[in-house]
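What follows is one structure encoded as structure tokens, with my remarks underneath.
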């Protein structure tokens, strides 16, 4: 009898792992389906599993594992965010960094204000129990967090580099901003908001953003320096792979230790490690780390959506709200409507402001691109669920009517937005951005378009012409190209500083000296 609790835990974990495997297999079979994606598949399997567990336990429970914030924030979220930074195309990301901050930070604050004010005004007409000012502000932060997992599945990084970099980067900054807002709400006494508290709030946010970014960059540079100087791969590729994985996780935990934004820290650590550290390891370690980080991220994403699907049928919370189903439905509808309005109020005005400062028409956001960005941020996911549990439950349980309504409404919004909006995403993107316009994203002014590659794949000819496929294509002379293209840009000065200072010290592409066993050692075929 003493071993029974352990046996129950083993049974639960075994069943959950089996469900994870089934999600991967079924997701593969539905790969070419225009409606489904991995997130929706995991949610559907979670819902079906929850129903089966609910029936077999005679209505006592619906999920195998009890929600644990530590499991989510400490073990599941770090691989997802790190891999996002590790795999991102850095040139596109930093080229659009101002727009990403505009949408991710300012846009989140706009959505936060709209959701907070909307819930304060509309919830008073519903009998949902007592909610103080801190609860309303927390709801604003909870439903301002877009799902960075879902948004990555909206666009293809190679087909639409500009839109992908903005949607993806905004998702990461948005999650970080929402969590910082949520933590600040719990930290400050907001019952009496004054100008002094507001200034402290803004200063606290800037402090979190800057210090979290510097910490991630610092840990990434340390990992690059250690691996470059020691050439660990000469003796063991396992060691350098293990060191990369542990250093990435160390950046996240250090941010948690210093109460910083761990999402921003691990994201920028991933960017730095992909720029320096990854080029310092051996060829076999490069392949291993790339697939290892992607696999860990993929498993974490499936795990989260599978659990959310199961937890949607948690009988404990639904029993409390079952006495007033109309109220619960009304709260969910209000929250979903505020999400739509808040997203629109942030994307379209900010896009209009951005277009005012862009000289070239090709660089401006078209209406279709604005709708794409708006739609990509409508989905709510695991971050919203985790923050809602943090605010309205104790150890995953609640018996208060108002708190139960908030939890069930959050899960309802997450399920509806992920399933309904997720199902419509692929057809909508194909309607707004047909395939002939997706290749290279010429309309967005991307530098990865086919004509640009054609220009750079051939040397400039003195007479301004080049032969491609037997045809003479007129080309501008070298002097005209030089005069038409600005050379003294921020990227130019960064590349100059990177090549002269950073790469000789921390390594990187083409800056690792030839030492036996080093990454530049010739491969023997």
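Numbers here mean position along the shown chain, with the first residue as 1.
Each residue, glycine too, has its Cβ placed from N, Cα and C.
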Of the residue ranges 404-424, 425-445, 446-466, 467-487, the one that TrEMBL records as transmembrane segment: 404-424
Listed range which TrEMBL flags as transmembrane segment, given the options 100-124, 125-149: 100-124
Chain residues outside the transmembrane segment (291-310) and at least six past its termini with a C-beta under 8 angstroms from it: 16, 19-20, 23-24, 27, 38-39, 42-47, 49-50, 53, 62-65, 67, 72, 75-77, 79-80, 82-84, 86-87, 149, 241, 245, 248, 381-382, 385, 411, 414-415, 418
Cβ contacts the transmembrane segment (330-352)/the transmembrane segment (42-59), at least three under 8 Å, sequence gap 6 or more: no
